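**Student:** Found this in TrEMBL, in case it helps:
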- 12-241: domain '14-3-3' (DOMAIN)
- Arg65: site 'Interaction with phosphoserine on interacting protein' (SITE)
- Arg138: site 'Interaction with phosphoserine on interacting protein' (SITE)
Amino acid sequence: MNIKDLKNLDCDTLLYLARVSEQSERYDEMASYINGFARKTNKELSVEERNILSVAYKNVLGCRRAAWRILCSLENSENSIRSEEQKMLAKAYRLEVENEIEKSCREIIDLLDSKLIISASSSEAQVFYLKLKGDYYRYMCEFLTNEGRNENCIKALNAYQEAENIAINELQGTNPIRLGVSLNFSVFLIEVMKDSDSAKQMSQKAFDEAMTEIDLLGNETFKESTLILQLLRDNLVLWSSS
């Protein structure tokens, strides 16, 4: 069996290989397998399968975004680059990483747009996928310039706003997916849109509304929700002091 040929693999095999890839920390392959599974399956993704998708692309992009930041730092450092040739090499390397980031972002956005968002039957699933869509447009905003950046910023903003609207109307204030939208949306507002007032207002509102419902928080989501609440609180402290 050639496991590289995803078209010849059934859903059970693709999902199994995605899990094995996660355990062995081969995240590029994990992303390929779970993407193939999501496109092939006739069923809506379960919570576990959604999380596998999220973890796969988070790790694929996390490594590359970290590499991109290091390369930008090196490229701008006078001490690390001593010649024009080295400057050109550093720039070429950075552009290569940017292409990899954009490719992975557009890959998951295509999956979200072509299947997952339109087939989501629950509000929680819709919010989960729209948040992911906003996240991956946001990642491209970090390095794209001019019209490309503006276009992706608008698409990220629209995805986050749609996710936020559904979350506020349909999900409890302590729901970790709703809190995750507020967390990531506020980061987008302050880091990409440079709108610190809106970012702080959104974070504070999400934190306050969740705290009024904290007694209703179930054991199954307690750890995840309280972690995101702490991150919201940390951001508020950081943003208020800067």
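Placement of Cβ uses the backbone N, Cα and C atoms for every residue, glycine included.
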**Student:** List every residue in the same chain as Arg138 (site 'Interaction with phosphoserine on interacting protein'), at least 6 positions away in sequence, whose Cβ is under 8 Å from its Cβ.
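**Tutor:** Non-local contacts for Arg138 (site 'Interaction with phosphoserine on interacting protein'): Asn152, Ala156, Asn184, Val187, Phe188, Val192.
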**Student:** Take every residue in the domain '14-3-3' (12-241), average their pLDDT values, and give the whole-number result.
**Tutor:** 94
**Student:** Can you tell me how many other Cβ atoms are located within 10 Å of the Cβ belonging to Arg65 (site 'Interaction with phosphoserine on interacting protein')?
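**Tutor:** For Arg65 (site 'Interaction with phosphoserine on interacting protein'), the 10 Å Cβ neighbour count is 15.
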